[in-house]
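Taken verbatim from TrEMBL:
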| type | residues | note |
| --- | --- | --- |
| DISULFID | Cys47-Cys125 | disulfide bond |
| BINDING | Asp79, Val82, Gly84, Asp86, Ser88, Glu97 | Ca(2+) 1 binding site |
| DISULFID | Cys80-Cys85 | disulfide bond |
| DISULFID | Cys131-Cys332 | disulfide bond |
| BINDING | Pro171 | substrate binding site |
| BINDING | Thr202 | Ca(2+) 2 binding site |
| DISULFID | Cys208-Cys240 | disulfide bond |
Amino acid sequence: MERGGALLFSLLALAMSLHIGYLRAAVTLPPEDRPLTRHFYKKLNTCANVEAFVKHQVTLFWNQDKSITAKLFKLLYADCMVNGCDGSILLDGRYAEKNAPQNSGLGERIFEIIDKIKTVLEIRCPGAVSCADILNLAARDAAHLAGAPSYPVFLGRRDGLESNAAWVDYPSPSSSWDTVVTYANSKGLDEQDLVTLLGAHTMGRTHCQFIRDRLYNFKNTGKPDPRMKKSLLKDLRQQCPPNTPKGKEDPLVYLNPENGPGYKFTNSYYKRVESYQAVLGVDQQVLWGNHSLVDAYAKYFEQFRREFALSISRMGGLRVLTGKNGEIRRNCRFTNGNNPSIK
């Protein structure tokens with residue numbers, strides 16, 4: 001992959017700040033003349049205290065609901081892995097990305113949190129901070145509150161002008177390991193990034209519809225996944241009947257029952273993968289996809305924390321809009337041309 005000096009230097013600085021002794025291939029880069037940079041708004045004197053403003057709001061919400069860390073991780077993934085980190089997941093519209101079937105579990109509440117942060121920033125620094133940057137900062141701050149490192153976030157993204165549900169192409173939770181690796185590679189991430197970012201599943205929940213095949217009809221055998229630990233199978237079957245009763249919502253189960261409602265950023269995900277206690281099929285396949293890295297993360301929490309900071313920063317730099325591309329939305333739900341409050 002072609003390297004770009006400015007962002008490559010920024011990623012190297014991040015690696016050094018986290019005491020990582022090497023740097024993997026660079027992510028898809030923004031234009032050389034307008035790279036993402038640290039303290040972007042401070043250098044331009046447009047919103048010097050943006051990070052403090054965002055952190056304060058995120059802390060207020062996190063103190064009320066610790067599940068926002070997992071939800072912000074999912075929202076950031078949903079934005080960056082489709083059309084790049086351009087805030088397009090935040091746009092409203094009947095056929096917008098947020099309304100794709102694959103994004104049905106995002107929930108309205110997490111969008112309201114981004115709205116609140118944006119409202120505060122529009123009061124403090126009108127027309128200055130992009131929704132795409134807000135999302136990256138909010139995810140970082142929520143992650144830190146849950147136990148992840150407070151990694152530097154490079155800023156300067158601009159917001160996209162389009163959002164299309166048809167663009168949403170995530171692989172299913174039951175996809176083969178080769179399929180998900182190929183998908184990650186097509187977006188600009190490598191296998192190590194994938195293994196590392198899947199560690200975010202140490203917290204959060206998923207709907208039963210995404211694991212019923214493992215519980216009742218693995219690979220159309222009419223039987224459960226034989227590799228799933230029997231005690232986990234029993235517990236999940238109690239929570240996920242073969243069919244959701246008519247008129248009832250599909251139940252939710254924790255991706256990491258050991259963590260449960262604690263929403264702590266830990267390496268227990270990898271320990272559970274090694275003991276065949278992963279909930280999602282794709283999570284269990286991590287063991288066979290890169291056993292050595294799973295074993296390292298299961299043993300060394302600090303290594304996982306450092307690598308997670310680097311991989312999520314790489315994801316946050318995918319296909320960003322900078323310079324004169326895109327816009328700075330005044331409302332994250334509308335492009336400025338469609339914003340009813342802008343005349």
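Quick reminder: no glycine exception, Cβ is built from N, Cα and C everywhere.
Everything TrEMBL records as a feature, shown here on the structure.
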residue: Cys47; record: disulfide bond; Cβ neighbours (10 Å): 20
residue: Asp79; record: Ca(2+) 1 binding site; Cβ neighbours (10 Å): 28
residue: Val82; record: Ca(2+) 1 binding site; Cβ neighbours (10 Å): 25
residue: Gly84; record: Ca(2+) 1 binding site; Cβ neighbours (10 Å): 21
residue: Cys85; record: disulfide bond; Cβ neighbours (10 Å): 28
residue: Glu97; record: Ca(2+) 1 binding site; Cβ neighbours (10 Å): 25
residue: Cys131; record: disulfide bond; Cβ neighbours (10 Å): 30
residue: Thr202; record: Ca(2+) 2 binding site; Cβ neighbours (10 Å): 26
residue: Cys208; record: disulfide bond; Cβ neighbours (10 Å): 20
residue: Cys332; record: disulfide bond; Cβ neighbours (10 Å): 22
Candidate with the highest Cβ count within 10 Å, taken from the disulfide-bonded residues Cys80, Cys125, Cys240: Cys80
In the chain carrying Pro171 (substrate binding site), residues 6 or more apart in sequence that have Cβ under 8 angstroms from it: Thr179, Val180, Tyr183, Val282
Candidates Cys80, Cys85, Ser88, Cys332 (recorded positions) - the one closest to Cys208 (disulfide bond) by CA: Cys80
Entries of Cys47, Cys125, Thr202, Cys240, Cys332 which, being recorded positions, have CA atoms within 10 angstroms of Asp86 (Ca(2+) 1 binding site): none
Integer Å distance between the CA atoms belonging to Cys131 (disulfide bond) and Cys125 (disulfide bond): 13
Alpha-carbon spacing, Cys80 (disulfide bond) to Thr202 (Ca(2+) 2 binding site), which is rounded to whole Å: 20
From disulfide-bonded residues Cys47, Cys240, Cys332, the one whose Cα lies nearest Glu97 (Ca(2+) 1 binding site): Cys332
Output field, Ca(2+) 1 shell: CB within 8 Å of site CB centroid, site Asp79, Val82, Gly84, Asp86, Ser88, Glu97 dropped: Ala78, Cys80, Asn83, Cys85, Gly87, Ile89, Gly160, Ser163, Trp167
C-alpha spacing of Asp79 (Ca(2+) 1 binding site) relative to Cys85 (disulfide bond), in angstrom: 6
Neighbouring C-beta atoms (10 Å sphere around the C-beta of Ser88 (Ca(2+) 1 binding site)): 27
